[in-house]
Amino acid sequence: MGSLWSKISQLFVDAFTEFLVSVVDIVIFLAILFGFTVAGWLLVFLLRVVCSALLRSRSAIHSPELSKVL
């Protein structure tokens with residue numbers, strides 16, 4: 001009877017261990033997904049800053065020419 005109880009308890013321990021491993025896997029997956037999301041936001045922000053800086057510098061360079069045309 002003790003051997004049967006030992007096997008049943010080991011089965012529950014294994015099931016609980018698998019449950020914890022799956023929870024940890026889900027948390028790791030969500031953390032990676034969040035990291036990619038933040039990296040994408042940062043990339044878009046940097047692209048906007050660079051593009052706006054380039055457009056501002058170009059308009060500053062060509063402003064006398066534009067004022068002659070206008």
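For all residues, glycine too, the Cβ spot is worked out from N, Cα and C.
According to Swiss-Prot, the features are:
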TOPO_DOM  2-25  topological domain 'Virion surface'
LIPID     GLY2  N-myristoyl glycine
REGION    2-15  region 'Endoplasmic reticulum retention signal'
TRANSMEM  26-46  transmembrane segment
TOPO_DOM  47-70  topological domain 'Intravirion'
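The residue listed as 'N-myristoyl glycine' carries a helical DSSP state (H, G or I). GLY2 (N-myristoyl glycine): 6 other CB atoms within 10 A of its CB, across all protein chains.
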